[in-house]
Amino acid sequence: MKVKVAINGFGRIGRMVFRKAMLDDQIQVVAINASYSAETLAHLIKYDTIHGRYDKEVVAGEDSLIVNGKKVLLLNSRDPKQLPWREYDIDIVVEATGKFNAKDKAMGHIEAGAKKVILTAPGKNEDVTIVMGVNEDQFDAERHVIISNASCTTNCLAPVVKVLDEEFGIESGLMTTVHAYTNDQKNIDNPHKDLRRARACGESIIPTTTGAAKALSLVLPHLKGKLHGLALRVPVPNVSLVDLVVDLKTDVTAEEVNEAFKRAAKTSMYGVLDYSDEPLVSTDYNTNPHSAVIDGLTTMVMEDRKVKVLAWYDNEWGYSCRVVDLIRHVAARMKHPSAV
């Protein structure tokens, strides 16, 4: 039995979720709602500057894409309430436009007949925020309809924080995400409500805000108010880095910290968190499927309890892999996902 999925919005994350979902024999991507022609969408799926050429045949049909012989319906509506989710018996909509992250707006998909909505961003008044590997056990299929997959940075930060807190206890901390530029910035200097993001993204290191530390309290509520942070947008197109400094409740060594991450990577956080002691750089983590990869060579301890940890993440592919994991997690707990 496959879960029937529709993707609303086909930008960077929408397309990566599509690529990953098409590899999963438990998921049927029924439809894509996007504003561009079939020819344009087919081309953008087949050829990707960051993640390379798609290894499946993609053909533009009439109001559809044909991927390795499988038809995916193409729609073009700016109003979720007008989408034919009831007609196609859609179980889960992946909301990837960035425009419908508030619950009242995302509910348009439910009014149209979908059973659940997964937001590929932090939500507003969402029913629950889930970070796989951290709090997926909090999902309640009876109560939760609008589900946020949080942000790519929160997906990196939360597993790292959880390991440190469970192993050693966290008093407080500060994080910086050294983040690849995104579509929310300008290629050349142009107006933006954030005057730093108004500057050319390929030319400067750009300090700006991140909600990752604040959002952490949604998945690890006992740490509310204990972590804060900011972002540095840097001139690379993909792969980012969380730089976390925490004060722990117990004395540790760098070796003990790294061993804790190694254990988690092999057990409770297998597939979500990984560990590396190789001298790698950001491009080496392109298309890495993990939410966070600990850079063991850079772990530092000062005065026994102040710890610095670096964690790499592919902010596009790694995050999209967690969206697909969340689809499977939600579908497995729904009473009657559609039979295919």
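Counting begins at 1 with the first residue displayed.
Note: Cβ is positioned from N, Cα and C throughout, glycine not excepted.
As written in Swiss-Prot, here are the features:
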BINDING   Arg12, Ile13, Arg78, Thr120, Asn183, Asn315  NADP(+) binding site
BINDING   Ser151, Cys152, Thr153, Thr182, Arg197, Thr210, Gly211, Arg233  D-glyceraldehyde 3-phosphate binding site
ACT_SITE  Cys152  active site, nucleophile
SITE      His179  site 'Activates thiol group during catalysis'
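Mapped onto this structure are the features recorded in Swiss-Prot.
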| residue | record | contacts (Cβ under 8 Å, 6+ apart) |
| --- | --- | --- |
| Ile13 | NADP(+) binding site | Ala96, Thr120, Glu316, Tyr319, Ser320, Val323 |
| Ser151 | D-glyceraldehyde 3-phosphate binding site | Ala121, Pro122, Thr210, Gly211, Ala212, Ala215, Tyr319 |
| Cys152 | D-glyceraldehyde 3-phosphate binding site | Ser240, Tyr313, Asn315, Glu316, Gly318, Tyr319 |
| Thr153 | D-glyceraldehyde 3-phosphate binding site | Thr177, His179, Thr210, Ala212, Ala231, Ser240, Val242, Tyr313, Asn315 |
| Thr182 | D-glyceraldehyde 3-phosphate binding site | Arg12, Arg233, Asn315 |
| Arg197 | D-glyceraldehyde 3-phosphate binding site | Asp184, Gln185, Lys186, Ile206, Thr208, Arg233 |
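Summarising the environment of Arg233 (D-glyceraldehyde 3-phosphate binding site), the number of other Cβ atoms within 10 Å of its Cβ, over all protein chains shown, is 24. The recorded positions examined here are Arg12, Arg78, His179; by Cβ neighbour count within 10 Å, the least packed of them is Arg78.
In this structure the residues listed as binding D-glyceraldehyde 3-phosphate are Ser151, Cys152, Thr153, Thr182, Arg197, Thr210, Gly211, Arg233; their two most distant Cα atoms lie 19 Å apart. Among the residues Arg12, Ile13, Arg78, Thr120, Asn183, Asn315 said to bind NADP(+), no two Cα atoms are farther apart than 26 Å. Of the listed binding-site residues, namely Thr120, Asn183, Thr210, Asn315, the sparsest CB environment within 10 A is found at Asn183.
DSSP classifies Thr153 (D-glyceraldehyde 3-phosphate binding site) as helix under the three-state reduction.
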